[in-house]
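Enquirer: Questions regarding the structure given below will be posed in turn.
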Amino acid sequence: MDSNTVSSFQVDCFLWHVRKRFADQERGDAPFLDRLRRDQKSLRGRGSTLGLDIETATCAGKQIVERILKEESDEALKMTIASVPASRYLTDMTLEEMSRDWFMLMPKQKVAGSLCIRMDQAIMDKNIILKANFSVIFDRLETLILLRAFTEEGAIVGEISPLPSLPGHTDEDVKNAIGVLIGGLEWNDNTVRVSETLQRFAWRSSNEDGRPPFPPKQKRKMARTIESEV
């Protein structure tokens, strides 16, 4: 196993522990708490994949971080922070909408790279909007936290989420996953549109109804894909 992979996991475990202690003091905001919860799932998945104990990794990560801080001057820290581009966290959904449990009458699921696409194919003839919480850097989607499909009544009928055991995805990965989700929902004559935030950062152009400009041939292909593979 690559030593960098192990040490990276150890540092991530310790930094998560620090953030958890901060949250336990009731000082974290909603985006902070949301990232904390999702990173916990990711660490568990990575630990299982690597065969490493999280508690042991956390202790090792603490030693690595302490060694770095001991060698780091305040001036070097300021320069490092200034040189790193800042990402923004954008929220279409409330914390309640993100954490709400939902159930499917006709569950369908597809794994596309490091993203999991789920939907209820019992939903028909509904107006549906896609909402997402994600980070943005350089005016492009950086990391998807969670995307969900809502009916006008507020029911959740679809979802795209990163797989904890396979971290890392691009904005193109997210765009393709959204296309698959839209194709699957439209197969049952639902009308799907995306939020203004997703329009701005996931696509550079969209139709008047808030849809990405998928041609009819691509829409049919996506619908067949979700029907046959999900």
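Each residue, glycine too, has its Cβ placed from N, Cα and C.
Fair warning: this is a prediction, and the values are worked out from it, not measured in the lab.
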Enquirer: Write down the single range among 4-8, 34-38, 39-43, 224-228 that appears in Swiss-Prot as motif 'Nuclear localization signal'.
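Expert: Feature motif 'Nuclear localization signal' in Swiss-Prot: residues 34-38.
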Enquirer: Take the motif 'Nuclear export signal' (137-146) and find every residue of the same chain, 6 or more past its ends, with a Cβ under 8 Å from one of its Cβ atoms.
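Expert: Residues packing against the motif 'Nuclear export signal' (137-146) from afar: 34-35, 38, 85-88, 93, 98, 115, 159-162, 169, 171, 174, 201-202.
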Enquirer: Tell me, what is the mean pLDDT of the region 'RNA-binding and homodimerization' (1-73)?
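Expert: Taking every residue of the region 'RNA-binding and homodimerization' (1-73) together, the mean pLDDT is 88.
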